[in-house]
Structures are given as structure tokens and as C-alpha cells.
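Listed in Swiss-Prot for this protein:
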- 208-221: compositional bias 'Pro residues' (COMPBIAS)
- 618-645: compositional bias 'Pro residues' (COMPBIAS)
- 64-194: domain 'PTB' (DOMAIN)
- SER58: phosphoserine (MOD_RES)
- SER476: phosphoserine (MOD_RES)
- SER625: phosphoserine (MOD_RES)
- SER659: phosphoserine (MOD_RES)
- SER662: phosphoserine (MOD_RES)
- SER685: phosphoserine (MOD_RES)
- SER811: phosphoserine (MOD_RES)
- SER815: phosphoserine (MOD_RES)
- 1-39: region 'Disordered' (REGION)
- 202-225: region 'Disordered' (REGION)
- 298-320: region 'Disordered' (REGION)
- 612-689: region 'Disordered' (REGION)
- 649-822: region 'Effector region' (REGION)
- 680-698: region 'Amphipathic helix' (REGION)
- 718-738: region 'Helix bundle 1' (REGION)
- 752-757: region 'Helix bundle 2' (REGION)
- 762-767: region 'Helix bundle 3' (REGION)
- 766-785: region 'Helix bundle 4' (REGION)
- 787-822: region 'Disordered' (REGION)
Amino acid sequence: MNGHISNHPSSFGMYPSQMNGYGSSPTFSQTDREHGSKTSAKALYEQRKNYARDSVSSVSDISQYRVEHLTTFVLDRKDAMITVDDGIRKLKLLDAKGKVWTQDMILQVDDRAVSLIDLESKNELENFPLNTIQHCQAVMHSCSYDSVLALVCKEPTQNKPDLHLFQCDEVKANLISEDIESAISDSKGGKQKRRPDALRMISNADPSIPPPPRAPAPAPPGTVTQVDVRSRVAAWSAWAADQGDFEKPRQYHEQEETPEMMAARIDRDVQILNHILDDIEFFITKLQKAAEAFSELSKRKKNKKGKRKGPGEGVLTLRAKPPPPDEFLDCFQKFKHGFNLLAKLKSHIQNPSAADLVHFLFTPLNMVVQATGGPELASSVLSPLLNKDTIDFLNYTVNGDERQLWMSLGGTWMKARAEWPKEQFIPPYVPRFRNGWEPPMLNFMGATMEQDLYQLAESVANVAEHQRKQEIKRLSTEHSSVSEYHPADGYAFSSNIYTRGSHLDQGEAAVAFKPTSNRHIDRNYEPLKTQPKKYAKSKYDFVARNNSELSVLKDDILEILDDRKQWWKVRNASGDSGFVPNNILDIVRPPESGLGRADPPYTHTIQKQRMEYGPRPADTPPAPSPPPTPAPVPVPLPPSTPAPVPVSKVPANITRQNSSSSDSGGSIVRDSQRHKQLPVDRRKSQMEEVQDELIHRLTIGRSAAQKKFHVPRQNVPVINITYDSTPEDVKTWLQSKGFNPVTVNSLGVLNGAQLFSLNKDELRTVCPEGARVYSQITVQKAALEDSSGSSELQEIMRRRQEKISAAASDSGVESFDEGSSH
């Protein structure tokens with residue numbers, strides 16, 4: 001971020017002295033100046049080689065360094081601000097509160113003054129004559145800013161001196177300080193000139209100062225949430241146009257979530273929401289700082305008599321600049337994404353509730369809209385669109401003023417995806433956070449919207465695979481008696497099934513998605529037995545939730561029977577088969593001994609019951625099965641994805657459905673197959689059919705009870721803190737909760753009692769994650785109260801027991817004495 005610039009172009013960058021960190025300008029020929037040709041590496045070497053022989057008079061003594069202006073303090077005894085150390089101490093406090101706002105600029109040193117120059121416009125912001133610089137000091141490794149240059153300046157018109165602090169990265173503060181001090185010394189008129197030696201010393205410091213890179217940094221490796229979204233725009237657009245509103249399948253996708261999956265997803269969404277709120281708060285503070293600088297600048301200009309700039313006005317002018325438009329657009333996108341998350345989390349968060357946070361967000365939203373001069377810029381932000389649930393939630397929550405602001409932002413803030421034309425491309429939104437944080441991936445089928453977008457976009461890249469799936473779906477539709485049911489095929493493609501192919505443009509992708517009804521589909525009946533056996537190793541424990549799934553333990557070796565969907569059908573070493581999610585499996589080489597296909601002992605599984613009570617394969621063509629239940633006949637049709645699509649219309653003969661999606665799907669298929677068998681085999685009466693169905697249902701219940709499988713949980717040590725905890729305990733606890741280093745360093749110096757004494761506002765002031773810290777502290781306090789309450793109860797019971805024992809003891813002694821007297 002920091003750098004430095006000199007005055008002449010070169011092949012190494014903007015200026016020739018960029019390699020050695022200073023901008024001293026040796027003598028060049030007039031021809032070089034006129035033609036402005038770029039200096040070659042050899043010429044640059046010769047210039048540096050001859051520099052030592054140049055006379056002092058031939059050196060222009062101008063050097064430039066790229067620095068970050070951190071802050072400026074007025075040295076005043078009333079504010080306990082007297083020395084540079086006082087300024088560094090206050091800088092640390094501001095840094096802990098997140099209130100240091102850096103500004104990139106160029107610090108120029110010549111034989112008359114130290115100047116600050118705007119990096120973009122190259123205008124001079126400040127000019128400190130050397131005789132006004134009272135003190136120059138380098139402060140190294142004293143805080144998170146490890147190379148701070150301190151300048152104490154006082155112009156004749158000032159009553160109190162100013163302390164300016166700069167962070168110097170590429171050229172360290174001690175070198176710049178030596179340059180400035182030598183210039184001050186030479187300006188006082190000594191016989192021995194110090195500055196040429198100082199510049200030579202900086203020049204010789206080349207090995208410790210690496211040159212800036214010639215090329216930009218390479219792009220980081222893509223993650224699931226950040227994978228070349230632009231290159232898949234055309235593919236995703238074609239898919240979106242073909243499928244419509246991509247939000248609909250998500251509603252059904254989450255119905256099979258286990259409590260653990262839901263808790264992980266909610267925790268992830270809460271983390272994203274917290275980071276969004278932090279970034280919005282940071283941006284609002286940045287706007288406020290710019291407004292304060294502008295107000296102070298206006299006040300100074302109003303009170304100023306002459307046209308000459310006063311001390312500090314140049315830096316104020318730079319700080320008064322508003323953020324660039326890209327940052328405004330990013331902030332508006334985070335507002336919209338935040339509203340979507342609040343609608344998702346409205347049933348899961350409290351203190352503050354989702355409605356409270358909506359009201360909280362509309363205040364800064366209004367500020368940002370006003371800062372842009374009206375709603376035009378906000379109205380241009382298309383992605384992300386608000387979900388239908390979000391729009392309903394906002395309609396129910398907002399008050400009159402908030403509704404007026406919301407409506408002024410237009411259709412991009414008020415219409416869900418279904419209300420936009422199918423052919424209009426809505427780019428997927430992947431949030432980028434200021435501190436570089438990325439949301440954690442969820443290792444189960446409840447993938448995030450960003451992951452779904454990537455997987456869906458990637459699926460289009462492999463057209464052949466998509467056509468095969470379309471044919472399978474069409475085949476299933478033709479053979480299914482439940483004509484109203486449509487499998488959820490195509491909404492949650494697994495990224496590891498598809499390989500990256502050449503990207504299609506939008507037109508080609510759209511053509512690829514058109515149904516190919518004239519193709520023959522018998523090739524899909526090719527038996528799976530002809531394929532070589534494949535095996536996978538389980539990465540985690542998995543507990544089956546119904547009879548179609550298979551419970552596995554970590555490191556189990558499983559034979560893959562069908563891997564064409566997101567849930568794979570596998571067989572374990574005992575011969576039991578069922579479905580498991582593919583993201584807990586790793587493909588492995590076949591074991592030498594093989595798993596064997598010996599018939600396992602008889603167990604009441606749903607697969608065997610279907611073979612006994614269902615129709616024979618020869619009697620009935622295959623029918624599609626709702627996810628994740630496998631087909632009841634041994635025809636190798638792939639299982640559907642585990643995201644069930646509810647049946648909107650079912651035949652009248654289906655009267656009962658189990659609450660489990662798998663059992664429900666199974667009953668639909670069984671009923672449909674039974675009714676298709678009736679015209680062929682009428683030997684059974686209606687009463688026998690009812691008895692068979694009753695026996696079937698009861699047997700399924702018994703087999704489900706027998707298939708319960710408990711996986712032992714690993715004992716994870718829990719770290720807690722109390723009022724007696726040491727600062728080291730507090731630091732360990734903060735690290736165990738996953739707080740960032742700024743929070744750990746800011747609060748890790750406190751003991752337990754000090755940490756518990758802070759309220760929410762104080763925590764937010766000290767660290768950016770104050771709200772999360774406060775929530776965790778509240779949990780710890782509640783746990784301490786529970787434990788202390790039980791301890792107090794035990795103490796009361798112990799004392800009461802002692803009293804009873806003492807009373808009984810006294811009574812026994814008295815009786816003995818009485819007996820003796822008698």
C-alpha cells in the first residue's frame with residue numbers, strides 16, 4: 001500500500017530511485033530530459049555507480065516517500081499531550097477502537113521544507129519549512145503500526161505545535177527520519193553537509209528494501225464462494241432463464257435439515273450478518289469523518305482572512321473527500337444482503353431482534369442515500385435482489401418514514417426475482433468483506449446460495465451431462481404414474497460431478513438446455529454391473545435419518561453403487577446399502593481383498609420389505625422415487641437429490657403420507673405401483689390388500705426401530721471463564737471462540753472480572769466485534785449464575801443437614817443422661 005516516488009521515469013517503475021527507497025535526483029543529460037526516454041537497467045546502474053563521485057552541488061536533494069498519514073494531535077498540556085510518547089499512546093487507543101483513518105500521500109524532503117503531496121492529483125497538501133520542524137523521531141515496533149515517523153511542527157501563526165504521525169512501510173521511518181534530520185542540520189549552515197551521506201546510506205540500504213513488484217499480485221485460488229463468477233455469467237443466465245426463480249427449490253431444500261445442520265447454517269448466517277453490520281458501520285464512520293473534516297475545513301476558510309492555506313488544511317482537504325462510488329455501491333449491496341439475512345434469521349435471533357435491526361439499518365441507509373445526493377445511485381444496485389420473504393418481512397416491519405425511503409429506491413429494492421423477466425440476467429452476489437473474512441463452508445447438503453449458484457453455473461459447462469440428466473428425467477416422467485410429481489433434479493448439482501469444460505456464451509448455453517425429445521433413451525438402461533466397482537472412504541460419522549439412508553462411521557470403506565446424484569448409494573462391509581451425502585466421502589482405490597458380496601443376515605430393511613410386498617420387476621416398469629428413497633425395483637435409475645419437492649397434487653387413492661419425506665415418497669410409489677398391478681393380478685380381495693398394506697406399514701415401523709444407530713460423539717474440551725480468570729485465560733477463551741486478532745489483543749489484557757464489567761457499548765468501542773463478545777460474555781455469566789445457584793443450594797442443604805444432625809445428637813445425649821439419673 002505504501003511506496004515512494006521520485007522525479008524521473010525508469011524501467012523499474014515510476015521513478016529510478018524506487019529500488020533504493022529514496023527520490024534523490026542525480027544529474028542527467030539534457031537530452032534525457034528533453035526526450036524523456038525510459039532509463040535502461042544499465043543506465044540506472046551507471047547512475048548509481050557514479051553517484052558517489054558526484055559533487056554535492058550536482059545533487060538536487062529532493063527525495064520522495066510514499067507514506068500513510070495516521071493522525072495529527074495538538075500538543076497541549078491540558079490534554080496530557082506533551083511528548084511523542086503521549087501521541088503514540090493515544091494512537092494505540094484510537095487503533096484499539098478502530099478509529100484510525102489512514103490517508104496515502106507522498107512525503108517530500110528537499111533543502112527547504114518537508115511537503116505532503118496528494119498521491120492522485122499531485123497537489124501540495126502541506127508545506128512544513130525546515131525551520132518550523134521542532135522535532136523528528138522514528139518510533140519502531142511500538143504498536144500495530146511498526147514504523148511510525150513523528151513530526152512536531154509549529155508555524156509562527158500557531159499557538160501550540162502539531163504532532164503528525166505517519167506509517168512508513170517500504171522505506172522505514174528511521175531512514176526517512178535520518179533524511180529529514182540531515183536536511184534540518186544542513187539548513188542551519190554547518191561546514192560539513194550531512195544530507196549527501198544520509199542519502200548514500202539510504203541508497204546502500206537497497207538489500208533490505210525490496211522493489212515493488214512489476215506485475216500485480218496473482219489472483220488467489222478460488223473457493224466455492226469465489227470461483228470465477230464472471231466467466232460463468234452466460235451459463236448461469238441461460239439456466240436462470242430456463243428455470244425461473246431459483247429461490248423456490250431452496251424452500252424445499254431445507255426441509256430435511258437436521259438440527260445440527262440448521263444450527264450450523266444459522267451460525268454461518270449470523271456470522272455473515274455481523275460482518276455486514278461491521279462493514280456498514282465502518283463505512284458510515286468513514287462518511288462521518290469526511291463530513292467532520294469538511295465542516296472543519298469550511299469553518300477555517302470562513303474565519304481565514306488571507307488566501308494562504310493554514311497549517312493542517314491540506315490534510316483536511318484530503319480527508320474531506322467522500323469515498324469513491326465503488327464503495328457506495330458495495331455498501332448498498334450489503335444493505336440488501338443484510339435485509340435478506342434478517343428475513344431468514346427472524347425466528348432465530350433476539351436481543352436485538354430482526355425487526356430491531358431493520359430499524360437500525362434504515363438510519364444509516366438514509367444517511368448513505370443522502371450522501372449520494374438522492375436515491376439514484378442506490379436504485380442502480382440490482383444484485384442482490386430482495387427475496388419474497390424479505391419483502392413481506394419489510395412490509396410488515398417498517399414504519400412510515402422507512403417505507404417512504406424504501407419505496408423511493410425503486411424496483412431493484414422492491415421486486416423479487418419472480419417479478420423480473422426470465423431473460424434478464426441477475427448477477428450472483430458474493431459479498432467481499434473489508435478484513436478479508438470469508439464465510440465458512442457448510443459440509444452438508446444445505447449449501448449456501450452462493451455455493452448453489454456456483455454449482456448450477458458449473459453444471460451448464462458440461463452440456464452432455466445435462467442432456468443425460470434431462471433424458472433420465474423425461475424417462476422417469478414417462479414411466480411414473482404420479483404425473484403431478486416432478487423430481488428436484490437440477491437444483492443442487494454437486495461440484496465434483498462435473499468437470500470444467502469450455503464456457504459457452506448465453507446463446508449456446510440456452511440451446512444446450514432445450515429438450516432433445518427426438519433422441520433415443522434406451523441407453524440409460526445400461527446395467528451398472530458392467531462398470532468397474534468403485535469405493536469411497538467416509539470422512540465423518542453419519543447417522544441415518546430414515547431407512548433409505550445408511551449410517552456410517554468415519555474411515556469406513558464403502559462400495560459405491562450409484563454416484564450420479566448428490567446422495568450416493570453405497571454398500572458397507574456388512575452388506576447393508578443405503579444413501580449417504582457425497583460430500584462426506586473420498587474416492588479410494590479398490591481394496592485388494594474386496595468387500596465381498598456375501599448375503600448379509602436377514603434384517604427388516606425397507607428395501608427387503610419392498611421386494612416382498614411390492615410388485616415384481618417383470619410386472620411393473622420402473623417408477624421414479626422421491627429423494628432420497630431408492631427405487632423399489634432393481635432397475636439402475638439414479639436416486640434423486642436429497643432436496644425434496646413436495647407434491648402439490650396427489651392421486652385420490654393416496655390417503656396417508658408419513659411425515660418423513662423419504663417414507664412419504666415411498667408410500668406414493670408403492671401405492672401407485674399397487675394400483676398399476678391390480679388389472680394384472682386380481683386374485684387378492686380388497687380386504688387382503690388392506691391387510692397387506694397394514695402388515696407392510698407395521699413392518700416398516702419395526703425395521704426403522706431396529707435400524708437406530710448411535711454414533712459416539714467426541715468429547716471436545718469446553719473453555720469457560722469466571723470472575724477469577726487471569727488475562728491469559730481470557731485470551732485463550734477469546735481465541736477458542738474464534739474472535740479475530742484485533743479483538744483478542746484488545747481484550748486479552750483484561751482479567752475475568754474486568755471483562756465481565758464492560759457493557760455492550762464499551763465493548764463495541766474497544767473492538768469491532770464488541771457485539772459478539774458481549775453475547776458470549778452474557779452466556780458465560782448465565783452459566784456462572786446457574787452453577788453458583790446450584791452451589792448455594794447445596795450449601796444451604798449442607799447447613800440444614802448439619803443442624804438436623806446436631807439436634808439429633810443433642811437429643812441423644814440428653815436421653816442418655818436422663819436414663820443414667822434414673
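Numbers run from 1 along the shown chain.
Glycine is treated like the rest: Cβ placed from N, Cα and C.
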Taking DSSP states H, G and I as helix and E and B as strand, how many residues of the region 'Helix bundle 3' (762-767) are helix, strand and coil?
-> 5 helix, 0 strand, 1 coil
For the region 'Helix bundle 2' (752-757), could you work out the same-chain residues 6 or more beyond its ends whose Cβ comes under 8 Å from its Cβ atoms?
-> 721-726, 729-730, 777, 780-781
Using DSSP, break the region 'Helix bundle 1' (718-738) down into helix, strand and coil residues and give each count.
-> 10 helix, 0 strand, 11 coil
Provide the three-state DSSP residue tally for the domain 'PTB' (64-194): helix first, then strand, then coil.
-> 34 helix, 51 strand, 46 coil
